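What Swiss-Prot says about this protein:
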- HIS97: active site (ACT_SITE)
- ASP180, GLU216, GLU220: Mg(2+) 2 binding site (BINDING)
- SER241: substrate binding site (BINDING)
- 1-171: domain 'KARI N-terminal Rossmann' (DOMAIN)
Amino acid sequence: MSNDTQPKIAIIGYGSQGRAHALNLRDSGFDVTVGLRPGGPTESKAQADGFTVVAPSEAVKSADLVAILTPDMVQKKLYEDVIAPNMKQGACLLFAHGLNVHFDMITPRADLDVVLVAPKGPGALVRREYEIGRGVPCIYAVYQDTSGKAEQFALTYAGGLGGARANIIKTTFKEETETDLFGEQAVLCGGASSLVQAGFEVLVEAGYQPEIAYYEVLHELKLIVDLFYEGGITRMLEFVSETAQYGDYVSGPRVIDASTKARMKDVLTDIQNGTFTKNWVAEYEAGLPNYTKFKQADLEHPIEEVGKKLRAKMVWLNGEQQAAAAPANQQAA
């Protein structure tokens with residue numbers, strides 16, 4: 001490294017996280033260059049934000065620390081074709097997700113430090129919290145410490161994002177990758193969306209109005225998740241009725257029982273042994289035929305059409321200040 005405390009940083013990618021990282025690090029006093037494909041969709045945005053934007057191959061040449069903040073499935077080719085041939089000796093390679101390294105799709109050069117820094121929040125939140133003087137918690141890991149200073153640089157980077165204002169927790173590439181994938185698949189995305197769809201179907205098939213079903217199983221979910229977010233499950237239970245609490249206690253375990261937990265363990269096993277990643281890479285390389293089919297099925301689920309109509313009347317969602325001037329009986333969903 002050319003500077004032990006203030007490395008020259010190249011941010012490769014300028015999506016939600018890339019933009020937040022670049023802006024926060026620059027505001028923290030770092031020399032930041034953004035590496036993007038010339039003429040790409042985010043080049044003008046980065047330039048408008050005041051960054052020097054060059055091709056990734058140029059950005060990495062003089063950087064002490066290179067942060068790869070592109071989508072997972074383009075990182076292997078990007079590293080092999082652009083980053084590895086051009087990164088200077090002894091620099092630090094940083095990831096925000098460990099999938100490619102942990103599952104051996106990327107084998108970093110032996111002379112590089114290799115670390116991970118992952119804010120636990122979307123890019124917009126990472127930026128917003130930084131701007132108001134707070135920060136989003138970060139996790140970090142060291143995969144390869146050639147210089148003996150890899151951990152220091154991971155912590156410096158996390159601090160530059162604002163993570164030190166909140167909380168920084170050490171992990172490993174293995175732990176971050178496997179728990180992140182499991183959370184997405186079994187709970188946050190796959191589990192939650194399948195639970196909502198199933199609940200909607202049960203109510204509609206029992207003869208209830210689709211609009212009422214939507215409100216009960218999807219719309220009100222935000223109220224519960226916000227309470228989870230603020231204070232855990234116990235806070236949620238404090239703010240719902242005793243009837244809802246009792247229903248939670250007696251019916252929750254009927255829906256999510258030992259057999260559900262066993263299947264969740266199967267999901268985790270497929271993640272741990274690389275089956276999921278192997279299948280995902282094969283799917284991507286085949287042109288995403290199943291992914292496209294699954295996505296279309298979700299788009300065509302009845303809950304989507306119902307939700308679209310109901311959300312059109314939720315003026316707070318689209319920034320409108322008042323509902324359309326129509327008689328009250330015409331405003332009903």
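Including glycine, each Cβ sits where the backbone N, Cα and C put it.
Projection of Swiss-Prot feature records onto the structure.
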{"residue": "HIS97", "record": "active site", "DSSP class": "coil"}
{"residue": "ASP180", "record": "Mg(2+) 2 binding site", "DSSP class": "helix"}
{"residue": "GLU216", "record": "Mg(2+) 2 binding site", "DSSP class": "helix"}
{"residue": "SER241", "record": "substrate binding site", "DSSP class": "coil"}
Lowest local Cβ density among HIS97, ASP180, SER241, which the record lists as recorded positions, within 10 Å: SER241
HIS97 (active site) to GLU220 (Mg(2+) 2 binding site) - Cα separation in whole Å: 31
Candidate with the highest Cβ count within 10 Å, taken from the binding-site residues GLU216, GLU220: GLU216
Cα-Cα distance linking ASP180 (Mg(2+) 2 binding site) and the residue listed as 'substrate binding site', given in Å to the nearest integer: 33
Overall pLDDT of the domain 'KARI N-terminal Rossmann' (1-171), taken as the mean: 96
